[in-house]
Amino acid sequence: MSLSGGVGGGKNGRERGSARKGGAEGGFASNAGGSSAPKAGAGGGSQKEKAGRSAGSSGGAARRQGKPSARGVALEVLTAVEQEGAYSNLLLNGALQKSSLSGPDAGLATELVYGTIQRLNTIDFFLAPFVTKGLGKLAPWVRNLLRLSFYQLHYLDRIPPHAAVNEAVNIAKKKGHQGISGMVNGVLRNVLRRKEELTLPEDLPPVSRIALAHSHPEWLVARWIEQYGEATAEAICRANNEPPSVSVRVNRARASREEILRLMEGQGLTASASPISPDGIIVHSGGNMALTSWYREGLISVQDESSMLVAEAVDPQPGMSVLDCCAAPGGKTCHMAEILEGGGEVVANDIHPHKAKLIEDHAQRLGLGNVRALSGDAMKLNERFEAESFDRILLDAPCSGLGVIRRKPDLKWAKTPGDIGEIAGVQQGLLDAVSGLLKPGGILVYSTCTIEPRENAEMVQRFLDRHPEFALAAEEPAGWERRPLAEAAGRVAEGLQILPQDFHSDGFYIARLRKAW
């Protein structure tokens, strides 16, 4: 998939469950063809964004020894994402493992990759007037070198401008000829000279203004304006560019939230209780929680706050049999098993055997003996189990993933309107296939990590129209009324719709359906 064409491209992405759930196919496209020249002033998201990581530069000695630099690693990843249609997170992880970069340099490489992808079409808009031959006609590595360098100059305030320019020129000299390095030097120095002029035109229509100010494709902005209104659509786009929060779920079978908070405080971490999940903790500083002893000992799991609400919605009771249809990587499965406190069983299905094994590993780490993982197509679970076999069913369905853009910025460039219709067909088939496995009086929870009504409230309403034996559950899970969930901007009659700006958690949809007969 090429970044040199128009906005769009891509099929459904990261595989979870029976199909593909909540992610983008690798690669992204952008408006590399340019646009009208920027006007004077400051705009287009020009307020400085602190990296949140130490944005150190790789040393000159390292370069002389042939060791990779942070910018070189970032360039390698961005170019591969464009040319190979690969996942940015997988490429970055692999590149960092091979590079032996220091902690600060690895942080800078990470910031440059995700930041450049996050602000892609805005970067291209501002760069276009400075590239005479057009961004789309440059070699991919040159185009991405200019992009990541512009990102440093325009969005980061920890990197001296001369360092960003000099490093870009050095990379251009190594990878290309003198003409390319001269062009890179000229473009970036012109950007610096005209920095105060880099702003958006004042007469842009709402869709174009929001798309460029917050760097989203116009079709997606237009869709959200139609669905949510201009103000909410802009709030969604703004929230998608904020750093994602780090949250963990406490294993209630082994510890209380208060105990873990005290342990974190004792280790010098800054953390607070989640306002929307009784098992959740927001970690404001402290590094990778999956590397802590608390994680290894099964006291916590890394999980977004919105996602934690799903197990509560299922509300498994002791002795119940629960089916998680599309379970990998197993966070919700294990949360439900923790709630059961050893009573009952959670059957966790995933189409991929290695992911079923991953679920088993998570359950073992958490000390859960009531999880049974299996591998199979969720569309065919009704061939594997008898009708009315389960008291509770969770269908955490494959989806467009439009609620997790802040975690996966390349997703917004990879998706197309057609992808939404395609995945909606999969969701409908899954609902029909698994609904017959629920006992009368049981609860079916349908959830997604998207904010797309066609996949959420409209999907549920269509299901209810086809299945008169189901109705929306009249009661909410215990405690929801005492939390700020009612303040969710996208809340709908057909369930709970959380938008990314509501609680700084992932965009998520949850509906509870009760089977009458």
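Just so you know, glycine gets a Cβ as well, placed from its N, Cα and C.
When secondary structure is read from DSSP and collapsed to three states, Cys449 (active site, nucleophile) falls in the coil class. Annotation source TrEMBL lists active site, nucleophile at Cys449.
The S-adenosyl-L-methionine binding site annotation in TrEMBL covers Cys326, Ala327, Ala328, Pro329, Gly330, Gly331, Lys332, Asp350, Asp377, Asp396. Mapped onto three states, the DSSP output places Asp377 (S-adenosyl-L-methionine binding site) in coil.
The compositional bias 'Gly residues' annotation in TrEMBL covers 1-11.
Here TrEMBL flags 27-40 (among others) as compositional bias 'Low complexity'.
Among the features that TrEMBL reports, compositional bias 'Low complexity' is placed at 53-63 (among others).
Per TrEMBL, the feature domain 'SAM-dependent MTase RsmB/NOP-type' maps to 236-516.
Per TrEMBL, region 'Disordered' is recorded for 1-68.
Annotation note: Lys332 (S-adenosyl-L-methionine binding site) sits in a helical segment as assigned by DSSP. Recorded residues Ala328 (S-adenosyl-L-methionine binding site) and Cys449 (active site, nucleophile) have their alpha carbons 14 Å apart, per Cα-Cα distance. In the three-state DSSP classification, Cys326 (S-adenosyl-L-methionine binding site) falls within coil. Cβ-based neighbour count (10 Å, all protein chains) for Lys332 (S-adenosyl-L-methionine binding site) stands at 26. Within 10 Å of the C-beta of Asp377 (S-adenosyl-L-methionine binding site) we count 16 further C-beta atoms, all protein chains included.
Separation of the C-alpha atoms of Lys332 (S-adenosyl-L-methionine binding site) and Cys449 (active site, nucleophile): 13 Å, rounded to the nearest whole number.
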